[in-house]
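> Quick one: the structure is below, and I'll ask about it shortly.
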Amino acid sequence: MSLTLFSFLSLVSILCIVTAAPVTNVNFTSIQVSSMQHIAAINKASFFSPTALPANATENGLTGSCKPIILIFAKGTGENGNVGDGSSPGPAWFSELRNAIGEDKIAVQGVQYEADVFGYLVGGDPEGSQNYLTITNQAVTQCPNSKIVIGGYSQGAQITHNAAQLYSPLVTSRIAAVVLFGDPYTDKPVGQVSPSSVLEICHDGDIICTGSGGPDPHLTYSKNATCAAKFVLDRI
């Protein structure tokens, strides 16, 4: 992302920039750990809310026919389904893309994993990381003409990093765009994917991706759905 694009997005009042120093190591502070426990509890509680939409928490687009765009997404800690409910920006992001290009043009596939706090502490759930890798490889093999978009929120961003580190050159070449929300590893590359194809959305004061602040800014990434969709549309 260039400063020019950052400036443009600011003009349309869409927050998409890192406004505080990123985490520079993978050792989490006690405040980060307690914040993630708080976030996980809120996300789990949202499942029982009368306003929750559990049906939106699961996407299995790879079970259908190939579509021009395949989006693979991993939920955050404490969330349900395979793309998340609660504070997940995933469903809002998918909706923006479907509205822009048509539901028949995009298949969304979630990554199933435990998404507990322990997974966050070990750098991203190992089984989830493997599932992410397997799903990406499947998408590339199953749909050779599709463009692949990958993303994740919170711990889902961690397992996106973990999977991408193991992508083959062929798989990496098929990645059209990456969008990560509240990424604990926001300063680290996404495998060998070109930085120009990666959008890191990290809110000021989000302790999970900046190392300072608190948990509340980590719960508001759904408001960045329009920005995330625009980034992808500019690259497909």
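Any Cβ shown, glycine's included, is placed from N, Cα and C.
Among the features that Swiss-Prot reports, signal peptide is placed at 1-20. Annotation comment: Swiss-Prot describes CYS66-CYS143, CYS202-CYS209 as disulfide bond, evidence class similarity to another entry. The feature active site, nucleophile is assigned by Swiss-Prot to SER154. Residues or ranges marked as site 'Transition state stabilizer' in Swiss-Prot: GLN155. Here Swiss-Prot flags ASP206 as active site. Taken from Swiss-Prot, the feature active site, proton donor/acceptor covers HIS218, and the record attributes it to sequence analysis.
Help me see these features in their spatial surroundings.
A C-beta separation below 8 Å, combined with a sequence spacing of at least six in one chain, links CYS143 (disulfide bond) to CYS66, LYS67, ILE70.
Neighbour density for GLN155 (site 'Transition state stabilizer'): within 10 A of its CB lie 33 other CB atoms from the protein chains shown.
Reduced to three states, the DSSP call for CYS209 (disulfide bond) is helix. Packing around CYS209 (disulfide bond) is summarised by its Cβ count: 29 other Cβ atoms lie within 10 angstroms of its Cβ, all protein chains included.
All protein chains considered, the CB of ASP206 (active site) has 30 other CB atoms within 10 Å.
When secondary structure is read from DSSP and collapsed to three states, HIS218 (active site, proton donor/acceptor) falls in the helix class.
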> Would you kindly give the Cα-Cα distance separating ASP206 (active site) and HIS218 (active site, proton donor/acceptor), rounded to the nearest Å?
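Cα-Cα, rounded: 5 Å.
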> I'd like the number of other C-beta atoms within 10 A of the C-beta of SER154 (active site, nucleophile), please.
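SER154 (active site, nucleophile): 33 neighbouring Cβ atoms within 10 Å.
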> Please report how many Å separate the Cα atom of CYS209 (disulfide bond) from that of GLN155 (site 'Transition state stabilizer'), as a whole number.
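Approximately 11 Å lies between the Cα of CYS209 (disulfide bond) and that of GLN155 (site 'Transition state stabilizer').
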